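Quick notes on the structure that follows.
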Amino acid sequence: MKNKFILTIVLILTLFVSGCGDQMYLEKSDIILLLGIDLDDKNQVTFYASTPVFNTEVKKNYHVMKVKAKSLREARYQFDALSQGSVVKGKIQTILIGKKFLQDRSVMPYLDVILRDPKDDLSSRVVMIDGPVEDILDANMEDKGRLGVVIRNMIDDTFKSGTIHNPNLQQFVAQQFDKRFSPMIPAMKVIHKEPKIAGISFLSHEGLYVTSIHLSESPLLLSLQKFYLEKIPISLYISSNKVQEKKELRRISIAIKDIQRKVKTTIVNGHFQFDIELTLHADLVERMFYLDAAKHPQLLKRIIEEQLDHEYKKIIQKTQKNKIDPIGFGVYARAKQYDHWKKIEDKWFDEYAKAKINISTKLVIINTGVSH
Amino acid sequence: METFQQQEDKKNSDELLYTDLQVNLEQLQKRVSNGPDLIVRSFQTKGKENVSLVYYSSLVDKVSVNDHLLRPLMYQLDNTSELLGPNLSIPIGKVTKVFDWNDIEKAIFQGQSVLFIDQTSHALIFCTQGWPQRGIQEPQNESSLKGGHQGFVETLEINLALIRRYVSDDNLVIKEHSIGDRAESKILILYIDDVVNPVFVQEITARIQKVNKDAVLDLGELEEMIEDNPYTIFPQFLISERPDSVASNLLQGRVVLLMDHSPNALVAPMTLTAFFQSQDDYSSRWIVATFLRLLRLLSFFISMSLPALYISIISFHYELIPLDLMLSVGESRSKVPFPPILEAILMEIAIEMLREAGLRLPNPIGQTVGVVGGIVIGEAAVQAGIVSNIMVIVVSVTAIAGFIIPNYDMSNAVRLVRFPMMIISSLFGIVGLSVGLMVLFAHLISLKSLGVPFSSSFAPIHLSDWKDNFIRTPLKAMKKRPFSLKAQQSRRQGKED
Amino acid sequence: MFNKKFSLSFSQYVFLIYKTQIGVGVLTLPHDLFVISGSDGWIAIIIGWMISTIVSFLIINTLEKNPDETLFDLLPRYFGKWLGKIILVCWILYALFAASYSFMYTVYLIKVWVLPNTNPVLIGLLFIIPIYQITRLGLPMISRYAEFTFLITIWMYPIILITAQEGIWLNLMPIARDGFLPILKSTPVTALSFLGFEMAFVLYPRLQNKKKAFKGILLANTMTAIVLIMVTVLSYIRLSETELAFAVWPTLDLIKLVHFPFLERLEIIFISAYIIILFMSVIPYLHMALIGSSNLFQRSIKKPLLPVILTIWVGGLFFPIIGFQPVISIKKMLSTSGLIFAFLFPVVFWIYSKVFLAICKKGQVKG
């Protein structure tokens, strides 16, 4: 009995040694940290990849590859031909997509290989590049570090500061496929070889680039979406005539700490109507003009609320005009008015453009710092 | 007086003493090897009887032989039969009358003195043992900070005394057995009569009686012969050198074995979790003790699986670790020419060698070995590019984690388990590690200690036992003895329900 | 404890049934339900829970008359020698089928998610070691291992729950949006995930406190239902409809979303640890098949039979049955046979035994 047992163990061990196909030593592989997809001048699909170089004796510690291919899988074979180790894509941190590419076609079919392979990460950040992707790969990294890490850190940091949404691949794909959303992705720009986050760009349901908003407007959009981490910083220009001040000094900044949103969904005349009641709990962090807050405690609140209402309306109108729904009103439409939704399901974005959206903001100021 | 009756029965055999002193002494020369330390002192007592006192000078306490035996025999005693009477006239604790050569031989070899008396068919045995002894010292392997600092020594009587000082209960039963055909050793089975589950006593007695060997020199040897599964690397009984922890186990309802010439006590039955308890836990603050217990549990897992986990991550699942860590691991690995498994085994073996080398050497040299080895392996090997920094960290953390486990046998077992884990995870990555742990725990769960499931308290689950297993609750809350022991009295505090 | 016949404690009984139930189903159920009843799938689980609890009650009720006999002992008595034997063989085949499927599924799962390039035969060889080790030692070992499995995998629940924090709860609204018909239609799908309570047919005679038998099975069913609902609801609020419709393993996709600062890609660790749970549904069925066949041949044939079964399993991996299509189609077969053996059979058997006993009684009174 014991002998048999030992025999089987020996047998098993020999079998083990004979094959273990998945071994892949970390230092011997080229790990793609950054993947770029773009169209070149002749409208051919170009793929870029940046991998870290582990050898500490080499001066440049990352490696950039550029290939022309019809699909990502095909591109990988070419990457393999270009690199020392075997190319792996399980740790892609960032996927950069050129604006030109997004204006021409949807990126989804090109990402299929990543979505299909369970070894690949779904939390890669998807970013649009306002300009050619190649600029990012040529960007000046001498004072920063490895390209893939730097870009990732930039995006993560902006995300944590509350000015862009979480740009992960899973969410992007979910929004892209969902009938109730249209996707949005952060946009980056390269100015004088220095990369920077530019704002949020909106894609249509078909995956094509539609429009974008600047980094100063994006927090407003996020607060409307009830998205929050720790804080969302909002800076406003106060247009109210209650403030007597020069134009350049009519600015106020708040940091939103908590958001409560109530949405009432009704059907009026065959079209959707959304009444949004937004309660923002925020700290006042900056006020550049004089206001006797001790005397008129409600006044400051009111002028901010008015301004917020105005800004929100502007953003909503922008999305309605472009027939995109990044805020996700479709979620309410389906949840609350299912019967009507069923009828317009496939043309929701046209319907959204016709919907009437009322928004009223309530501001609760928690802290005002050490002064009124 | 059973022995006496037996002797009466065997009267006719040729193992009996002769009446003539000279014949007896001749017979003695034949039976007992005539070493230089065998003393045969023939003289006349005060009452004009011809007697001979025989003993091994190396095994007796010379003071008591000379002062308390020879002097009264020579100058004071009138009649040797008085020695057994009610008014015993010599200051020796125990005097026995024997008729049989076997008893005489045994007595001489045990360091007693035998008095042959001319014209009688018996001999007298005086308890005069005294052999080289070590003083009571601090336990070496299980030193404690707060508990007592006395450890067991090689003498049975002293060890018993140490335990009795902790457990002065009249229900403490001590049963004597002897083992070994050629060199006999005395074994004491200790238990508290109205607490212990009688099944344990029966079982362990039966197992001891089954042992059939010429000599059993140490408790560790005995342990292997009486344990449930000798083919495992996990100890199923506790071998302890601390009287306080032995006493505490006795009071829990366990059985304790003491053996002559072994400076240890064997405690049975044990469970896996009991190996992670230390006597200090009960004398320190319960929050601290809980923290320490959890730390030990953690280090148990770290010590078994950290190198395996590291290997499986860097040779299979690089995706698992965050990017920044991955980059630094990659950088440190970039110069190393070996695959991770080879690197790990190299380092592990180096550390094990260092440990063994330091163990057998005298203390100052041992420390030097540690320092030299540490510096050579830690610094030079990394500089030379043979191993990576991170592997050095992993291996040292693993080694340190192994030392936290309070029991030496258990810590050794865990130390060895590491290697198969490393191999299997270098073949199958984290799946291999998971299956490896599964096989290991299945093995642990299949083990038994004196018939008690070794994994008791977590498989089968006894939540009440957890109060003194993975954590230590305040003593007030620990009202019961461990469930797995099925003690007769399950309560230690308060009233029995 | 000592040489006495082993008896199951209440917790061992509960965990054994519960861990048999949690297995293959949990990983795919959100997808399977979504395809039929959309985001109302979780209601079907509640219905499934009610049905399996009723069936469990019938099982216990049937066995109560003969508290010391397993189903396999009862079959020849109730159905006569030949019919009883035929049903017994069917049960053995069913248990063996369930065990084999879970085993193949585990190998497939590992091959797809963790070790895509490793030969499945090697994975199979690795897996039969613990299965052999545990099954060999019979019920005492299996029941203790079930408890251990519960303890060692307890961290999985909070990990799954973490995913709730960014979910869109409105995805579940409106409840029963297309009426109750699709929900009822999808109820049979949940059967596969509740399979395991029929283990009571074999466990009941060994249970220490027989009065708690139904309570235990109810507890196990409820725990299973809670886990299933948790997984399903979380998948629905967190994943998009497209993902749910196309992804085969939504539960794993869900875990893929969890990130810690020190650890990413939790699904790899999760799956590697989940094989412990999967084995805990392979082993009880294997045990059931083994004692069934011992009953059939009237003597213990575990020793020769177990290695044979395991060898066949590994041998089977040489053939390309490890693929997506076979796994899906065999799952349907298992689901159907589960419906017959675990749901339909107890009901029929219960009615039959009532009638049988009534006739017996009459016969006795007359005689």
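Placement of Cβ uses the backbone N, Cα and C atoms for every residue, glycine included.
No curator has checked TrEMBL annotations; they are predicted automatically.
Proximity of distant same-chain residues to the transmembrane segment (C:12-29), defined by a Cβ-Cβ separation under 8 Å and at least 6 residues beyond the stretch ends, is recorded for 41, 45, 101-102, 105, 109, 142-144, 146-147, 149-150, 189-190, 192-197, 199-200, 203, 207, 212-213, 216-217, 219-221, 223-224, 227-228, 231-232, 248-252, 274, 277-278, 280-281, 284-285, 331. What TrEMBL records for C:12-29 (among others) is transmembrane segment.
Marked as transmembrane segment by TrEMBL: C:41-61 (among others).
The transmembrane segment feature in TrEMBL is assigned to C:82-104 (among others). For the transmembrane segment (C:82-104), the list of distant contacts is 23-24, 71-72, 75-76, 124, 127, 131, 195, 278, 281-283, 285-286, 288-289, 292-293, 295-296, 309, 313, 316-317, 321-322, 327, 330-331, 333-334, 337-338, 341: same-chain residues at least six beyond its ends, Cβ to Cβ under 8 Å.
Summarising the annotation, TrEMBL assigns transmembrane segment to C:110-132 (among others). Nonlocal intrachain contacts for the transmembrane segment (C:110-132), taken as residues 6+ away from its ends with a CB within less than 8 angstroms of a stretch CB, comprise 103, 249, 252, 267-268, 271-272, 275, 279, 282-283, 286, 306-307, 310, 313-314, 317-318, 322.
The transmembrane segment annotation in TrEMBL covers C:144-163 (among others). Proximity of distant same-chain residues to the transmembrane segment (C:144-163), defined by a Cβ-Cβ separation under 8 Å and at least 6 residues beyond the stretch ends, is recorded for 11-12, 15-16, 18-19, 134, 227, 230-231, 234, 238, 251, 254-255, 257-258, 266, 270, 273-274, 276-277, 280, 283-284.
Annotated transmembrane segment per TrEMBL: C:183-204 (among others), in sequence order. Counting residues 6+ beyond its ends, the transmembrane segment (C:183-204) has Cβ neighbours under 8 Å at 8, 13, 16-26, 29, 32-33, 36-37, 40-41, 43-45, 47-49, 51-52, 55-56, 59-60, 63, 67, 70-72, 98, 176, 210, 213, 217, 220-221, 224-225, 228, 281, 284, 287-288, 291, 331, 334-335, 338-339, 341-343, 345-346 in the same chain.
The transmembrane segment feature in TrEMBL is assigned to C:216-237 (among others). Within the chain carrying the transmembrane segment (C:216-237), a Cβ under 8 angstroms from the stretch's Cβ atoms is held by residues 10, 13-15, 17-18, 21-22, 25-26, 29-30, 33-34, 39, 41-42, 45-46, 48-49, 52-53, 56-57, 59-60, 157, 160-161, 163-164, 167-169, 171-172, 190, 193-194, 196-197, 200, 207, 244, 250-251, 253-254, all 6 or more beyond its ends.
Summarising the annotation, TrEMBL assigns transmembrane segment to C:268-293 (among others). Under 8 Å from some Cβ of the transmembrane segment (C:268-293) lie the Cβ atoms of residues 16, 19-24, 27, 70, 72, 88, 91-92, 95-96, 98-99, 102-103, 105-106, 109-110, 113-114, 127, 130-131, 134-135, 138-139, 142, 145-146, 149, 152-153, 156, 159, 196, 199, 202, 252, 255, 301-302, 305-306, 309, all in the same chain and six or more residues away from its ends.
Residues or ranges marked as transmembrane segment in TrEMBL: C:305-328 (among others).
If one looks beyond the transmembrane segment (C:334-352) by at least 6 residues along the same chain, the residues whose Cβ comes under 8 Å of a Cβ in the stretch are 51-52, 55, 58-59, 61-62, 78, 90-91, 94, 97-98, 101, 188-189, 191-192, 194-195, 197-198, 201. As annotated by TrEMBL, transmembrane segment applies to C:334-352 (among others).
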